[in-house]
Amino acid sequence: MFRTMMKSKIHRATVTHADLHYVGSVTVDQDLMDAADLLEGEQVCIVDIDNGARLETYVIAGERGSGVIGINGAAAHLVKPGDLVILIAYGVMNEQEVRDYEPRVVFVDAANSPIELGADPAHAPEGSGLITPRMLSTLDAERESSLV
């Protein structure tokens, strides 16, 4: 059996521009592509944290070190400059590959420079203010004890 698994993601990147009159795709800084193991032409899902939009497109390499995350074509109706997005690539793997594979998770700063690399898809960097599902039972217990 084959399974579709998260291969890599760039988490909370800031959209630098959106161009409606482009042929499509998302332009991504080549440094981020390398960190996330993305290839030009590879399919990605873009999740807009600000408005909840989800869309699929493909990656085009942007200038290395530029921090570019450019939304191109019709997707510019859904995702605007300044929006925070998650870019997710999936891979189809057999059972053995699933057990051996470690995804690439790239957290970026406000300038879209990588600040943390990892393999845990549910990890939240310390000090980020993000909540990981692995913390929910602890948070629920803290909330309950504060109500008593």
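In case you wondered, yes, glycine gets a Cβ from its N, Cα and C as well.
Of all Cβ atoms in the protein chains displayed, 18 besides its own lie within 10 Å of the Cβ of Ser25 (pyruvic acid (Ser)). Annotated pyruvic acid (Ser) per Swiss-Prot: Ser25, in sequence order.
Positions annotated as active site, schiff-base intermediate with substrate by Swiss-Prot: Ser25.
According to DSSP, Ala74 (substrate binding site) sits within a helical segment. The Cβ of Ala74 (substrate binding site) lies under 8 Å from the Cβ of Leu20, Gly24, each of these being in the same chain and 6 or more residues away along the sequence. Annotation comment: Swiss-Prot describes Thr57, Gly73, Ala74, Ala75 as substrate binding site, evidence class sequence analysis.
Positions annotated as active site, proton donor by Swiss-Prot, on the basis of sequence analysis: Tyr58. The Cβ of Tyr58 (active site, proton donor) has Gly24, Ser25, Val26, Gly41, Glu42, Gln43, Val44 as same-chain neighbours under 8 Å, each 6 or more residues away in sequence.
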Counting only residues 6+ away in sequence within the same chain, which have a CB under 8 Å from the CB of Gly73 (substrate binding site)?
Asp19, Leu20, Tyr22, Val23, Gly24, Ser25, Thr57
Using DSSP and collapsing to three states, where does Ser25 (pyruvic acid (Ser)) fall: helix, strand or coil?
coil
Taking the mean position of the Cβ atoms of Thr57, Gly73, Ala74, Ala75 as the substrate site, which residues outside that list, in the same chain, have a Cβ no more than 8 Å away, listed in sequence order?
Tyr22, Gly24, Ser25, Val26, Leu55, Ile71, Asn72, Ala76, Leu78
